[in-house]
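Over in TrEMBL, the protein carries these features:
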- B:24-273: domain 'Glycoside hydrolase family 65 N-terminal' (DOMAIN)
- B:333-685: domain 'Glycoside hydrolase family 65 central catalytic' (DOMAIN)
- B:Trp367, B:Asp368, B:Lys598, B:Gln599: substrate binding site (BINDING)
- B:Glu494: active site, proton donor (ACT_SITE)
- B:695-759: domain 'Glycoside hydrolase family 65 C-terminal' (DOMAIN)
- B:766-794: region 'Disordered' (REGION)
Protein chains: 2
Amino acid sequence: MQGTPDRPSSAPDDRWRILRTQDDLDRLGETESIFALSNGWVGWRGTLDEGDPCDMPGSYLNGFHERRALNYPEDGYAFPQLSDTVISAPNATLVRLWVGGEPLDIRIGTLRTHEQVLDLRAGVVERVTEWISPAGQGVRVRSTRLVSLPRRRVAALDWTVEPLDDAVDLRICADLLANERVPQRADDPRAASIVHDPLIAERHHVDGADGVLVHRTEHSDQRVAVAVAHRPSAPDQIAISTDATPDRIRLTLAGTVAPGERARLTKYVAYEWVPVDGTAAVDLADQVTAEADAARETGFTTLLAEQRAALDTAWRTADVVLEGDEELQLAIRFAMFHLIQAGRPDGASSIPAKGLTGNGYDGHVLWDTEQYVLPVLTYVAPGVARSALRWRYAHLPQARERAAELRLTGATFPWRTIGGQECSGYWPAGTAGLHVNADIADAVLRYAGATGDEKFRAGAGLELLVAGARLWRGFGHFTDDGGFHIFGVTGPDEYAALVDDNAFTNLMARRNLRGAADAAERYPEAAGRLGVDPAEVAGWRAAADAMVLPYDAKRGVHQQAAGFTSQPEWDFAGTGDDDYPLLLHFPYLELYRRQVVKQADLVLAMLRCPGEFTAEEKAANFAYYEARTVRDSSLSAAPQAVLAAELGHLDLAYDMFAESVLQDLLDLGDKTGDGLHLASLGGSWLALVQGFGGMRDDRELLSFDPRLPDRIERLAFSLCWRGHRLLVTLTTEEARYELPDAPADTAVDLWHHGEQVRVVAGTPVRRPMPQVPDFGAEPTAPPGRRPTHRAAAV
Amino acid sequence: MQGTPDRPSSAPDDRWRILRTQDDLDRLGETESIFALSNGWVGWRGTLDEGDPCDMPGSYLNGFHERRALNYPEDGYAFPQLSDTVISAPNATLVRLWVGGEPLDIRIGTLRTHEQVLDLRAGVVERVTEWISPAGQGVRVRSTRLVSLPRRRVAALDWTVEPLDDAVDLRICADLLANERVPQRADDPRAASIVHDPLIAERHHVDGADGVLVHRTEHSDQRVAVAVAHRPSAPDQIAISTDATPDRIRLTLAGTVAPGERARLTKYVAYEWVPVDGTAAVDLADQVTAEADAARETGFTTLLAEQRAALDTAWRTADVVLEGDEELQLAIRFAMFHLIQAGRPDGASSIPAKGLTGNGYDGHVLWDTEQYVLPVLTYVAPGVARSALRWRYAHLPQARERAAELRLTGATFPWRTIGGQECSGYWPAGTAGLHVNADIADAVLRYAGATGDEKFRAGAGLELLVAGARLWRGFGHFTDDGGFHIFGVTGPDEYAALVDDNAFTNLMARRNLRGAADAAERYPEAAGRLGVDPAEVAGWRAAADAMVLPYDAKRGVHQQAAGFTSQPEWDFAGTGDDDYPLLLHFPYLELYRRQVVKQADLVLAMLRCPGEFTAEEKAANFAYYEARTVRDSSLSAAPQAVLAAELGHLDLAYDMFAESVLQDLLDLGDKTGDGLHLASLGGSWLALVQGFGGMRDDRELLSFDPRLPDRIERLAFSLCWRGHRLLVTLTTEEARYELPDAPADTAVDLWHHGEQVRVVAGTPVRRPMPQVPDFGAEPTAPPGRRPTHRAAAV
């Protein structure tokens, strides 16, 4: 992209660029997700400017959705009757081009060159295409897109066309288009539910070259406004006109462009949505128009500079240096880029499972956010983690109502939602997944511990912890032997449901109960306002202390849930490669009752609650469950990587890490077209930091027990800890801990391999790398289910 | 109904008549179900002839249905995508009347008298209404309906109108009406799914006063034809005309009827349905036309005589004499009448849960049939039981396919169906209810044992038993301790799901395994043709012998399923009367994980497999589960009655029996309008015969251990046993066993209270009534959930 006069120029650095060319055109949907841009508020899928070919258009606004009815063949009490589903705001990315009357379409004519680049430092997608029409007329099209990180409502597109040789007759139509057709995916329970023509036009207005559309939704009662301010720059002979209908604003440039000339068009776009009973349509139109105008005033060059500056700041903490494997170095940066841009630090908004990169899972937020994304963002962008937790807090009243509807105590947060209501249409794997409440509590405790944010801890944090503790205390029960049990719930593993004493749920509930008790004792006055008294706190502690962790003494392993190890084994010998993912080829009747694990469950418990297990128990458990875990979920590889690393199976850990971080770049699950797997991308950071860095955060201080696989020569990452950036650098010889940005006498205490050390600003602490633990040979995976050997792949 | 010259006259006997009058008009739907007539092939709901008011019209043909799509909010592998739902054949019961231009409508004008009578011996519904129109013109309308027991395709209606005082101007429209509007019930998971306008007209034809309609369904590919042959009889001044449209054939009689005159119309109706690729429409029309003509030739008087004769034969075995409680004497006859008319002995058709009396449960056949209806019909109408089992056998190929789809061995019969495909839309309570397969095997063993039907036993019976045994052997598994387990299924209690080692399922599976092994050894050649070899049989026996029955040694009770007694208790103190049925007020999340029982489950196991428990175990179990059983299902009272009787709680048993037998006559569940609860009606016979008669059939010979509650002075019932009718008469003093119809030297061996006795024809065996067992005070039910005290009600 060098040489464009009004853009910052720099030598391309392939360690920071994702490139796709004409060789990748058969992966269109995947490419659209990978090149998606977002600022946590607005998301643009990486569709082609000309809009066709397109796998799935998408312009998402965080929280903007429609509602649809859920119909059950056999309904039941408290089955959700409505579900939120993400819908697109009007699409402002479109710049259609006709060359000598032929539409630019890279599938026809001659594609001389075609590149799309995601620049991870600039925060833009650049595109250049040289195309010769079927009639032989050649053009070069360039564009640069950004979704502004500092300006939450703003996105912009800078688009240029020039003749390759002879003068060409051009028509350029820059559209803002509502109710664009979205394709229905084939039958797959994980795909989105499409609502056609969801937007009802309220207002459309054109002013010169600019325009605004206002629509509302039919059922979710939301209003959305999009304004486009155009800056065309074209030879004088080019005629410019606009036209508007309720669903489309179009700016048309038409005329002949001579060799050496070019036509350029910059679109400055501003979005906003509000509840329909909020801002009126005309006022909302004015707001976004003003914001688009302001962006145009600012100019594209400045927007680029702002973007770069924002990313420079973000990367200081978020970057991970991984030397020894260029592909994965780039992949982890790609992962971190998408995590950075998925959330915003300044409000109460969450991060859907696909971010704003696609409509998979109907655009819902799931427990993935608290267990796979916030454990990363807490350390690299704590303000974003706080925003996501404040979003949960904002929906606490709904969670309390839902608990009351379910005849439960405390609060039950939805398994999947956009607007805060439970949207799960299959309760055994949705509503019964009560662990989401403990996952939220865990994220609260992590955020509070890492930041020391007292205001949050004594306010929203306390209230969330108390609501969770009340749920668990009421839901669980004591048996005659004094044990405290949680029966009839579903843990992380979706090849089991409605089990008793799921180890993950029980341990995380214990963490919630104790965390709430600690917080209530720390802030007695605030707790008192919530009606918490010492007797209630004592009840939480009693339940936590008596919490049962099912164990099979004969096999010497913990049970994922009570009775798990008595279940029949899965017939792996009779299961073919084509039978995966199992959920598409076997009924739940078979999956639920057998010892087959979709995704890390007890292994995730060992990651989140490491102090509850001895090293020997971890080794035995890991081997047992590794042999039964098929990894049909992208949530699985990362926790497996962490435990594999902890137990010294470093090659396995590295291969698991690779699978997690390449999930979307290689479309390993064949679902990337529906949006990126943010949990898998977040998990890849966990695999590095918690796996090879051996970081654990279940105690007062961070601890590290680093061990590097052969392939990694150097691994460096940063963690925000109580307001300071702790930089950890690992090589085969040593671990170095330092506070590069902190004032002179700042000190941070941490654990390194069982030794408590104090890191003082300006004085890096160096320790030799610990011996890699030896728990014998790598455990065996089910046939064909081990991740690809990365060492062999090199 | 005396005095109608051309009908057999008899003094009304209130022990054989169900009467409803104008006082019952607020129970219209209930009345329509109670007065439903059926012959197991054709069913007419007891709607008013004039068709309005009407709660729900219904003219059902066994097996005739439409298919509708099942849509899941979150679909899953092998979730059924289509469901059968019963639809009405064209309605031939309608005779609309206008009096001086006013339509006869009992809600307006003056209703001087209105009676509907179900005559249980004549097998007809008679109706007489004296009505004065708003304009003051009075008429008496009488009608007699029958659905012919000896002629499976034929039903008939004899209808008369006469002036009460002055001459009246009448218009009579006798309709045959397709696609009649059926009301949608309010949201209730147990109601039917209505398909509107399901019939596509293929042919309509009028010939004089007669007509025929042929339609087909859109999705289930069935063709239905209905012919009506009219015999009008009216004064000469009455004009008669016909008219026909694709959905309606109408015969109109219009003119003035003078005092002393009357207009009479007899409708002879014939039905048939076939697959659309079976008989052509024109041929089917000819068939039913000929059948209707033949019925008319026979004449209504002869049809009545045939009906009476058929019922005289049926009642010989089916009647139950219960002296001491007139209400329940009538109620048990009502129950037996509906059981008699629900099935046919001469084919392969089953009995839906509602018979042909309503569209509840979508007209599906459920396990109710094998566990609550066939255990009665095996002894009172064994040919009907055989037909129902042959229907299962006819669907064995589909059951094998379904097992293969579920990746299971053997065969899995549908939880609910009309056409043989699984139609359950909520798999945890449908597909997972695998016990339906053992229930079928149990019914096979019972039928074979009671009849000695070698042809069935060696053919269809063997094949059904083998298919079931193969399912259980493949589905269950051995654990290290040598136990054989069945995990992850749902037993009878619908307030639990996906449990391990449900006692009922395990014991019934054991019965299936052993029954299959016995049958395979008895018919080695036939078994060999099914691929059964001695090793497979040994495998079945090994699994049966090792079958685990979960027991809580501390509490000294069996567990309904593994871990049941460790579950949290239900908060009965916090549950209000309005909270029942619990399923409408609590989520499955709560119901499943707690010790609350919807319906007899372990108690049913103790009834079906009595030899598996000691008397003390039964007493302990009964008391434990009685305290936790809320009887939110009409399937529950009868088995509870049997066990209560066995344990000497005779008042409780009687009250349970009363609840079961009055289920529909008093509409105890507020669902009778959707159709009768045949399982509850069948269960009431079980309560008497197995409860107070103490009959058990799990051994080679029948056994009896009778005990009568105070309210019953004499109880007499018959059982078909190996081709003979065994009459059992119980009084407070003695039990008498005799073979009233058998040839001279016929002998039947049986057990009476542990003594083996031989009953020889002509020589009744008399034994004193055994002492009533004493297991202490009556067990406590959950607050407010004991059935009404019948003794107190007198």
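Backbone N, Cα and C define each Cβ position, glycine as well.
On the structure: features taken from TrEMBL.
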| residue | record | contacts (Cβ under 8 Å, 6+ apart) |
| --- | --- | --- |
| B:Trp367 | substrate binding site | B:Trp415, B:Gly433, B:His435, B:Val436, B:Asp439, B:Pro492 |
| B:Asp368 | substrate binding site | B:Ala353, B:Leu635, B:Leu678, B:Ala679 |
| B:Glu494 | active site, proton donor | B:Ala429, B:Leu583, B:Lys598, B:Gln599, B:Ser633 |
What does DSSP say about B:Gln599 (substrate binding site): helix, strand or coil?
coil
What is the three-state DSSP composition of the domain 'Glycoside hydrolase family 65 C-terminal' (B:695-759), stated as helix, strand and coil residue counts?
0 helix, 35 strand, 30 coil
DSSP-derived helix, strand and coil totals, residue by residue, for the region 'Disordered' (B:766-794):
4 helix, 3 strand, 22 coil
Output field, substrate shell: CB within 8 Å of site CB centroid, site B:Trp367, B:Asp368, B:Lys598, B:Gln599 dropped:
B:Leu366, B:Gln371, B:Pro492, B:Asp493, B:Glu494, B:Ser633, B:Leu635, B:Ser636, B:Ala679
Could you say whether, by DSSP, B:Trp367 (substrate binding site) belongs to a helix, a strand or a coil region?
coil
Limited to the domain 'Glycoside hydrolase family 65 central catalytic' (B:333-685), I'd like the whole-number average of pLDDT.
97
Please work out the number of neighbouring Cβ atoms within 10 Å of the Cβ of B:Gln599 (substrate binding site), leaving out its own Cβ.
22
Within 10 angstroms of the C-beta of B:Lys598 (substrate binding site), what count of other C-beta atoms is obtained when all protein chains are considered?
21
Among the substrate-binding set B:Trp367, B:Asp368, B:Lys598, B:Gln599, as the record gives it, the longest Cα-Cα distance in Å:
16
